[in-house]
2 protein chains.
Amino acid sequence: MEKIRIVIVDDHQLICDGLSRIIQEIPEFEVITTYQNPIEALQKIPVWKPDILLVDFEMPGLNGLELIQKLKLEIPDLRSILLTMHLDKATVKEALSQGVNAYILKNLDEFELRIALEKVRNDQNYYSAPVTEVLNDKYKVIQKNSNSQLESLSNREREVLRLIAEAFSTKEIAHQLSVEISTIETHRKSLLRKLDVRNVAGLVRIAIQEGLVT
Amino acid sequence: MEKIRIVIVDDHQLICDGLSRIIQEIPEFEVITTYQNPIEALQKIPVWKPDILLVDFEMPGLNGLELIQKLKLEIPDLRSILLTMHLDKATVKEALSQGVNAYILKNLDEFELRIALEKVRNDQNYYSAPVTEVLNDKYKVIQKNSNSQLESLSNREREVLRLIAEAFSTKEIAHQLSVEISTIETHRKSLLRKLDVRNVAGLVRIAIQEGLVT
DNA sequence: ATTTTTCTCCCTGTTTTCGGGGAGAAAGAA
DNA sequence: TTCTTTCTCCCCGAAAACAGGGAGAAAAAT
């Protein structure tokens, strides 16, 4: 039987090794390589043609979701599992809309990972309980603790906030989103008003607190 | 032969599982239990009487170093290995003075972990290369890349960075420190240059990453 | 004792942010 | 349908940030 070929991307070597060990114990899967640098991963993964990509969300330079998005352009049928430290509704939604096949938290156990792998192997999706709870607005407590402040923002505003926190200039953001600079300035003003802070420093703090960026 | 009994503490279950796997492959060692909650670990570890404690530094509630310190009060001859994401000179020094037996980075590989375990088993200490380099101030480059980006800053600059990240305006910072606005502007320019970022957003991110502010 | 770094302050000038508006088109909700 | 929100873009002006430089006094390192 052909084994399912997996590539792991996590900026910490030790984590890569640990995840590899867990996966190697499952006969149907094999880890063919791992990357610690998301930029390097982006360049080299296409030649490996993996079946499933297991990616950490929090990485320097390029986050896991961005990496998946970019790789999907080259490998359209790539299946992906996103691993994350924190739970953020906006990110979860974004991940789902980008066709991420599974989304699991690092504070879950290996069985959760096995289930996710098994599901993704069978072309199904898997989102762990806390993830779906966040999406279903069931546990308001979790939501409140995780991203209450961002709740008042529109999707566009959240996106702009993320980019501001990534230290992009207004001009760059406008270019990235293909709109006028004045539009981004308007969004920024709305963000300052809605989040009740006085400058970008305040915006960045909230964005990081809410897990919008790392 | 008696196996060396290890307890792992890391707030992420998946990381605990991964580390366990790596260690279980080494015949001399066995992981007897793992904890995700440092508070729970503090209460229950004494009854396990482990030989070696493998602890993540970055944990909510109680960091790894604090946990080791507190446990040492109850188990004076406990040996410990500290795992960390980032490298901070002050923390390394504190760890050494507290008698932490090994200090390794998560972005290192499993062989590093094996070496550390072997050393600690033989009542020796182990500090991975980047750690000792930080202490010796030899490899400034590695310092810059791994952590202590703050290491290159003067005390004054760190203070100004903290205040910027707290979302204070330049005028307010100048007033608080009883210096001219131009002085703070000079400090800010130095910060941008030394930390290699382009705007306050970048400064705030680093300040938060380095734990200068929350 | 000499050199280097730090802290302080200043200059000039450009770019960006911030605060206050207004306004039209489109999409969704009531 | 009407009302509301969102997204877009514009105006203005004041304030702040950014970029490049210089410079002296004090402190720290060598």
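Glycine is treated like the rest: Cβ placed from N, Cα and C.
Curation plays no part in TrEMBL annotations; they are all automatic predictions.
Lifted from TrEMBL, the feature list:
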- B:5-121: domain 'Response regulatory' (DOMAIN)
- B:146-211: domain 'HTH luxR-type' (DOMAIN)
- B:Asp56: 4-aspartylphosphate (MOD_RES)
Hey, what's the Cβ neighbour count for B:Asp56 (4-aspartylphosphate) at 10 Å?
23
Within the domain 'Response regulatory' (B:5-121), residues counted as helix, strand or coil by DSSP:
55 helix, 27 strand, 35 coil
With DSSP helix as H/G/I and strand as E/B, how many residues of the domain 'HTH luxR-type' (B:146-211) fall in helix, strand and coil?
49 helix, 0 strand, 17 coil
Averaged over the domain 'HTH luxR-type' (B:146-211), what pLDDT does the predicted model reach?
86
